[in-house]
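Q: One structure, as structure tokens, below. Some questions next.
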Amino acid sequence: MTEMLKQYFKLSNILVTVAILVLFAAVNIGIETGFIDDYYKLNLFLICINIILAVSLNIINGMTGQFSIGHAGFMAIGAYGSAIMTLKLGYPFAVGILVGAVAAALCGILVGLPTLRLKGDYLAIATLGFGEIIRVVILNIDYVGGAAGLNGISQYTDWPWIFSLTVITVLVIKNFMTSTHGRACISIRENEIAAETMGIDITRYKVIAFTMGAFFAGVAGALHAHYFYTIQPTTFGFLKSFDILVYVVLGGLGSMTGSVIAATGLTILSAYLQDYAELRMVIYSLLLIVVMLVRPQGLLGTAELSFDGIRRFFSRQTGKGRGAGNDSAVG
Amino acid sequence: MDVFIQQLINGLSLGSIYALIALGYTMVYGIIRLINFAHGDVYMVGAYVGFWATTQGWGFLPALVLSMVVSAILGVVIERLAYRRLRNSPKIAVLITAIGVSFLLENGGVLALGAKIRTFPNVFPEVQYHFFNGAVVITNRQLVIMVVTTLLMLLLQYVVHKTKTGKAMRAVSHDTQAAMLMGINVDNTISATFAIGSALAAAAGVLVGIYYNAINPYMGIMPGLKAFVAAVVGGIGVIPGAFVGGISLGVIEALVSGYGQSLYRDAVAFALLIIILIVKPSGLFGSNVREKV
């Protein structure tokens, strides 16, 4: 029991919790006092949404090694599902998020099941196709405004909502990754046939990965819809899926902290380049090609950046710590 | 019935375009197992080269040839710079690079040429031929598309089956290692495949420019994806399969829009893809390859 308590209250966990709370409070005060103006707020919120999207796609692409490039489709389902609940049916925001996310998760199962027979590039194209089908179907439903989109959504997304959901998403996925189930997913990535031989139910874990990824993409979609007042089918096209893919690939397929860092960095970069949309895309695509040619595993590879790792790194540097155990900051 | 025949004709000309693009996909996939996402954008570049040539006053045939040559070089350069180094990397790395190249061409195109739609010069003044008391119309442009496509297909069949390069291509696609042992220069053969595939895509680009009169830097995305669907439907890696797949996809799309569901046209192609992948992943003409452990 005390061992378990020690596990929960170890220094790194306390440090992370304190850091999260301080960040939350600081930004909250900044927004309340107007120190953080609307422009910075917008980008801060975009960073959070992109982190959720990147981390959720990383479950599918990075952890499980299934190449999905239709993530924006799930986001669209979350956005439209939640907007219908709050705008059309008058339910509170929390219900909206939940319904949007569950709807997206159901779509994840729908996509996951039939595409399980496919591998690699075929799967990529099939998920791309599903993303497009979702977009075209939404485009043709008059109830949600068709091509004009859904307007007049109330702006429920505020800092407490978006920050807590981002933190929850990252924590849940991080813990999932180090759980039995997460490790099963990783084993599928490493070698599907070997994993199957070891008794891992590949089908089940692939569907779980798709469902979880879609669920959190739905959350991101709901937050997106309730921040920007309006949603259109074109927002959730292939370009959006591509953006999310870049975060994941750049950060490192399989690295949650990598996704967080890449999503944050690239959102800031695109804020600076927002007047030059084409240039931004050219830089994105060059970045993608160069990263693949020079460092195909992404910035962090499959490693994670953690307090423990940093401590070990420094203690090794000063020569006091256990040293040899783990030999880098990313551990 | 008239609507049906009319849409069948429209579908045949649209399908010819898909078929020409699909050939490049299928050949490249057959030889290095890569979905060359940038292929649709090579088609776009081909259309722009054709546009430049015709606005300079070149005739249709010289413009077509020039555009095919330029795009063939572009295809070879892309393979040389982006794909060759990754030949032994995980598939995902190559696939992501291909997506990167595709976006680079699109947005580089926007940056260099502007996003606006260009109007293709009127190379062939439109002539309409009426049948069934005017209920069915064939234009001379549609005829040009079908004739050029057929000629290129025959040429391709000749190259693949009767020349040394073609023989090498088939050998490499069958078994790269063995081909290497037999003294075939695999790098050159892959370059040749990219050159031929890109040239065919460029021809499709010029034909589309003439048919629809409008081109823009993003024009390659949808036809590219749909041509890939066509290649998968026909059985990826199989040359006649790409042709049949392209024509069928074109006809299906034309029928769907002809019967008033044009908004669903794009979804139909992808739905077809998913159905094919679930029911017969090797495609109509593909043979099942067992995975070796």
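Using N, Cα and C of the backbone, Cβ positions are placed for all residues, glycine too.
Since this is a predicted model, take the numbers as computed values, not measurements.
Here's the feature list from TrEMBL:
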TRANSMEM  B:12-38  transmembrane segment
TRANSMEM  B:58-81  transmembrane segment
TRANSMEM  B:93-115  transmembrane segment
TRANSMEM  B:135-160  transmembrane segment
TRANSMEM  B:190-215  transmembrane segment
TRANSMEM  B:227-255  transmembrane segment
TRANSMEM  B:267-286  transmembrane segment
Q: Cβ under 8 Å, sequence separation of at least 6 from the ends of the transmembrane segment (B:190-215): give me the contacting residues as numbers and ranges.
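A: The answer is 13, 16-17, 20-21, 23-25, 27-28, 31-32, 36, 39-40, 42-51, 54, 60, 63-64, 67-76, 78-80, 84, 117-120, 122-124, 141-142, 144-145, 148-149, 152, 156, 159, 165, 168-169, 172, 223.
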Q: Near the transmembrane segment (B:135-160), which same-chain residues lie under 8 Å Cβ to Cβ, leaving out any that are not at least 6 residues past its ends?
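A: Beyond its ends, the transmembrane segment (B:135-160) has Cβ neighbours at 2, 5-6, 9-10, 12-13, 16-17, 19-20, 23, 60, 64, 124, 126-129, 166, 169-170, 196, 200, 203, 207, 210-211, 239, 243.
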Q: Per the 3+ Cβ pairs under 8 Å rule, pairs at least 6 apart in sequence, do the transmembrane segment (B:227-255) and the transmembrane segment (B:93-115) touch?
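A: Taking Cβ pairs at least 6 residues apart, the transmembrane segment (B:93-115) and the transmembrane segment (B:227-255) are not in contact, as fewer than 3 fall under 8 Å.
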Q: Could you pull out which residues elsewhere in the chain have a CB under 8 Å from any CB of the transmembrane segment (B:93-115), counting only those six or more residues past its ends?
A: 34-38, 40-42, 44-45, 48, 78, 82-83, 86-87, 216-218, 220-221, 224
